[in-house]
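Novice: Handing you this structure, nothing more for now.
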Amino acid sequence: MVNLNGIPPRGKRNYYLAIGLEGSANKLGVGIIKHPVLEKHEDSDLSYECDVEILANIRDTYVTPPGEGFLPRDTARHHRNWVVRIIRKALTEAKIDDPTKIDVICFTRGPGMGAPLHCVVIAARTLSLMWDIPLVGVNHCVGHIEMGREITGAKNPVVLYVSGGNTQVIAYSEKRYRIFGETLDIAIGNCLDRFARTLKIPNAPSPGYNIEQLAKQCKNKEKLVVLPYTVKGMDLSMSGILQYIDTLAKDLFKKNLKNKLLFDSRTGEQLVTVEDLCYSLQENLFAMLVEITERAMAHVNSNQVLIVGGVGCNVRLQEMMAQMCKDRSNGQVHATDDRFCIDNGVMIAQAGLLEYRTGHFVKDLSETIVTQKFRTDEVYIAWRE
């Protein structure tokens, strides 16, 4: 059994308050949540009985012009300019007049982009010193998983973590989130974002979302553009697919009539549209994700899938995963909307507060060093059986 009342709340209250700061990429988020103090059981307290009340979930995104990505230094400048305003807005929305009543400050320790991570941890350290509140450094992926579990009610699913910087298939075992499969090169979100740059489509609200909308407009869904399909056991590779479809898109824009895949060799008629390329890319990438996820489900004998991360908002990915689960003894797919799929401060507060309640928190500021590389399976999950 897991005791989640290991550390009592401040002021002898019957609830805990946590603030979470997320800024590992171009999204800066601040979330504030409340946990109840659990009733005592004969053995101890069970982690799944911990109901979360979301008091604030504020976010701002650094958006670049079409055709451009976001550089670490520019993203960090955005975070520095906005972090104080967003923290104040979150406190106001949560109706917290005295911040010293907060039990713990949670921040993203990694993985992520170095400069933005440093901006967030500096803000967290400052608040900790000002308010005399302990700190907890949170693994970004674990934050996604714990928020997804809480929102959807998934018990012990296979987790598909798909975002701009990560692509992993994960399952819980013996106090760790074990990685069963992952990308061998670039993440799926990075693949979609870079193709969006080639197409020079807007980055707002996100490149992947705009590719999804173009894919929906495809009028020739019966005939896919043939793309590389690279699955190696439980792992997958997407750099070759990106390079290939980038070349096709550039030939399409240049009207390279020598490319017989895009143009009729006799008449010069265009055979493929930008919408066709977006649709085929999605179908190809998502089929690879479904394959390795199903393989993990068979390995751990699970019939549930939890999709987390920014790409998890994609409706087509959810549909394909749902069809696979339906074919596997009426399995279930769990996913959240963009409030929780996309990076946010609430997920950091959730994972951090669970860690804090089991007695794990930063004892000295020297322990708050952020890292760009922080594996999901490095974290000891003390709050689960």
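Please read every residue number as a count from 1 along the shown chain.
Each residue, glycine too, has its Cβ placed from N, Cα and C.
What Swiss-Prot shows for this protein is this:
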type    : residues                                                               : note
BINDING : His140, His144, Tyr161, Asp343                                         : divalent metal cation binding site
BINDING : Tyr161, Val162, Ser163, Gly164, Gly165, Asp193, Gly208, Glu212, Asn314 : substrate binding site
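Set these features in their place in the structure for me.
Specialist: Every protein chain considered, the tally of other Cβ atoms within 10 Å of the Cβ of Asp343 (divalent metal cation binding site) stands at 26.
Taking Cβ-Cβ distances under 8 Å and a sequence gap of 6 or more within the same chain, the neighbours of Asn314 (substrate binding site) are Gly208, Glu212, Gln282, Phe286.
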Novice: Select one residue from His140, His144: among these binding-site residues, choose the one with the most other Cβ atoms within 10 Å of its Cβ.
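Specialist: For the binding-site residues His140, His144, the Cβ with the most other Cβ atoms within 10 Å is His144.
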Novice: Taking Gly165, Gly208 as the binding-site residues to compare, which has the smallest set of other Cβ atoms within 10 Å?
Specialist: Gly165
Novice: Report, as a single number, how many Cβ atoms besides its own are within 10 Å of the Cβ of Ser163 (substrate binding site).
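Specialist: I count 25 other Cβ atoms within 10 Å of it.
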Novice: What's the number of neighbouring CB atoms sitting within 10 A of the CB on Tyr161 (divalent metal cation binding site)?
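Specialist: Result for Tyr161 (divalent metal cation binding site): 27 other Cβ atoms within 10 Å.
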